[in-house]
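What follows is a set of notes on a single structure, which appears directly below.
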Amino acid sequence: MHLLNGKELAQKLQQEMTQEVTELKEKGLQPGLAVILVGEDPASQVYVRNKERAANNIGMYSVVYRLPETTSEADLITKIEELNHDDKVHGILVQLPLPKHINEDLVLDTIDPAKDVDGFHPMNLGNLFAGKPTMIPCTPAGIMELIKLSGIDLAGKNAVIIGRSNIVGKPMAHLLLQANATVTICHSKTKDLPKVAKQADVLVVAIGRANFVTADFVKEGAVVIDVGINRDENNKLTGDVKFDEVAPLTSFITPVPGGVGPMTITMLMRQTIDAAKRKENVR
Ligand code: GUN
């Protein structure tokens, strides 16, 4: 068993990006990221702070709008439209979930697809599904980098994803498909889930239930990617995979924390730099 160390890979990639941003700034281009957080969800506050810190460390222009829970849908949309026209901003991210009174789809549809560094706009999702990805949701993008690190050639392999969210499961399926894996998406209605999961050469777990995947889900030698970030009964950070039991069976597995999480932020930075270069026609 080998650990897929996302923290280490993220540090290496972010170091390279720091150098790249220095060079871009010498050419007069500073990539810029705007993040909007509505309300005071504690987990979202941590995620947004981490994104802000990473952008600053890399030398990007970074701005965060922390709006009150009571912000109206119209005011949020006005803010996004303003950022769509702000030349300093190449990437816009609206932290999810949004308060209940705001229509999430409407908000995401308002973001200029060229600045949609989360890859959630229907145009970017459509391009991904059509096999010509530009902006890709950051967590699946980070997972592809981790799978690359394992050295496994995905062509012809069985990839099983547990979870069908728009943010992880569905885009993940398309990225794996484009890498020529045979892809299965499982969800709450899937029959005999452990049996299906056990077919996987690559198993991606994104359901948000602590320690859900046990040894009987995992084939000997599989690559296991754990997207979960949960708190167990002792308030300890834990993934969706029961690590101690599953890890010995695997060829590669991601730890929680220090696996997928740091890669998600890294891919956000990558896509913001790429969006800036695309806009200004810099290679
Ligand atoms: N909330 C949880 N994950 C994400 C993400 O990747 N992007 C945004 N915008 N919100 C999230």
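The first residue you see is number 1, and the count goes up from there.
Placement of Cβ uses the backbone N, Cα and C atoms for every residue, glycine included.
Quick look at what TrEMBL lists:
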BINDING   G163, R164, S165, I229  NADP(+) binding site
DOMAIN    4-118  domain 'Tetrahydrofolate dehydrogenase/cyclohydrolase catalytic'
DOMAIN    137-279  domain 'Tetrahydrofolate dehydrogenase/cyclohydrolase NAD(P)-binding'
Same-chain residues at least 6 positions away from R164 (NADP(+) binding site) with a Cβ under 8 Å from its Cβ, in sequence order, are K170, I185, C186, H187
The correct three-state DSSP answer for G163 (NADP(+) binding site) is coil
Span of the NADP(+) site, taken as the largest CA to CA distance across G163, R164, S165, I229 (Å, rounded to a whole number)
16
Looking only at DSSP and grouping its letters into three states, which state does I229 (NADP(+) binding site) belong to?
coil
